[in-house]
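Here's the structure we're looking at; comments come further down.
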Amino acid sequence: MARYVFITGGVVSSLGKGIASAALGALLQARGYRVRLRKLDPYLNVDPGTMSPYQHGEVFVTDDGAETDLDLGHYERFTGRSANKRDNITTGRIYQNIIEKERRGDYLGATVQVIPHVTDEIKQFVLEGNEEFDFVLCEIGGTVGDIEAMPFLEAIRQLGNELPRGNAVYIHLTLMPWIPAAGELKTKPTQHSVKELRSIGIAPDILLVRADRPVPPEERRKLSLFCNVRESAVIQALDVAHIYDVPMAYHKEGLDSEVLAAFGIDPAPKPRMERWEEVSNRIHNPEGEVTIAIVGKYTGLKDAYKSLNEALTHGGIANRVRVKLDWIESEIFEKEDPAPWLEKVHGILVPGGFGERGSEGKILAAKFARERKVPYFGICFGMQMACIEAARSLAGIEKASSTEFGPTKEPVVGLMTEWLRGNMLEKRTAAGDLGGTMRLGAYEARLQPGSKIAEIYGSEEISERHRHRYEVNIGYREKLEACGLVFAGLSPDGVLPETIEYPDHPWFVGVQYHPELKSRPFEPHPLFASFIAAAVEQSRLV
């Protein structure tokens, strides 16, 4: 039977519960255990798919097409296990399910209430489908005291009583701030956070204390005394240079040992940390450095491109180089010459995005990369803008544009209305709900034999994750290929362009999907490994 670890947060948000959960999952995996991670989000949105990147950060897409919290990306990258739609739930989804049941009459006329109906729905989500796992780690979004989180905290309190004795452990992540005027770390915020948690009925077994400097032994003893946890269970979570240092740091502090001790597992299997040691060594001891310009629309919030950032790091790990990122707002190129911004970089990446804002700047970035022979990687929107650039500059289609920006006589990029998923035909309309108009999840593609991208993958058949409404119009293939832009990858039915490339360019690749979502530190995605390798070659020329 699976054992459950519930991770809550206090004092302030953004302390890193997602990283802590992922790191603990990786440590338990390193000891040979089978681990599943789940995220419970208290917001009322059904999913984050329609939320602004500035509000929520990246939307992480799973193989089965779920739009989820970016923490699921951390879970996948740290553990190597692919998440699915059953690993993320929101208050909005919970209430949607309950209202549907109530309308069907499933509650047989009962008054539908937070307790027991909402809490029962949450508990069902936590418990279902865990038969093949040794540990299930559940991260509760938000902080203790948030009104939105109350049903989730009540549900995990109930689970602590309903599960067999010794099958649930509670970890509380808090902040221990340094007060310069006093010259000391303060325990009071953590004490009050634990007091709030205990008033709900949850007594934490382990305190994970975030701090920017070592926590003195006397302060640990103080937290142990006032928060009623063992002194060994007061674990400092110090700031580290890189997130892939976290598993090693937490292991050194004894987090995984304390969790296993709380479950009464003794003796515990010894962890194998060689892979994490190698990743850390490659990150901190690079043999070179390359600079990649990311020409995007949401560069003001780096979390909007979290998986992209990590995938580029993985590419650096594969090539033993440090990847320096130069974030550039694409609208700048609509006012200024791109050359001064781009002539010193070793690669240009144009990521996904939505809407017309900044699109002309991305087109100019693609043009610069094509003309100057700088490695270019266009992802989703970045591929579409590269095709529009080719249509305008090479094929003489001056009015080439996307129907996403408004009516156009030359729709090089247009709204998809139907496509195949396996043997099923899926249809969407522009008037449909935003959450239901996109091509989401893993789809197969066929790569052209002998193409650069087939060489990179080492295969002519691939499966990648998608998140887009618009697609390059296959009707322009002949004109664009006549200008040298090859449609090297298509959907299995040959209708949807999936990849493009210039054979006479050192490295110019566009993909309609999001390869960054499948990259892992131990298994860098081949496209990112190849892109960074091309940037290394470019660095020798600049």
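Every residue, even glycine, has its Cβ placed from backbone N, Cα and C.
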Same CTP site per Swiss-Prot - residue from S13, S359, S393 joining D146, I147, E148, K186, T187, K188, P189, T190, Q191, K222: S13
Recorded ATP site member, picked from D64, D69, D71, D87, that accompanies S14, L15, G16, K17, G18, I19 in Swiss-Prot: D71
Per-region confidence, the region 'Amidoligase domain' (1-265) (mean pLDDT, whole number): 95
Cα-Cα distance maximum in Å, computed over every pair in S13, D146, I147, E148, K186, T187, K188, P189, T190, Q191, K222 that the record assigns to CTP: 31
Listed in sequence order, residues with CB under 8 A of D71 (ATP binding site) and six or more positions away: K17, G18, S21, A22, K39, F60, E139
K186 (CTP binding site) and H514 (active site), distance between Cα atoms, whole Å: 43
Residue pair M383 (L-glutamine binding site), P189 (UTP binding site) - Cα distance, angstrom, rounded: 48
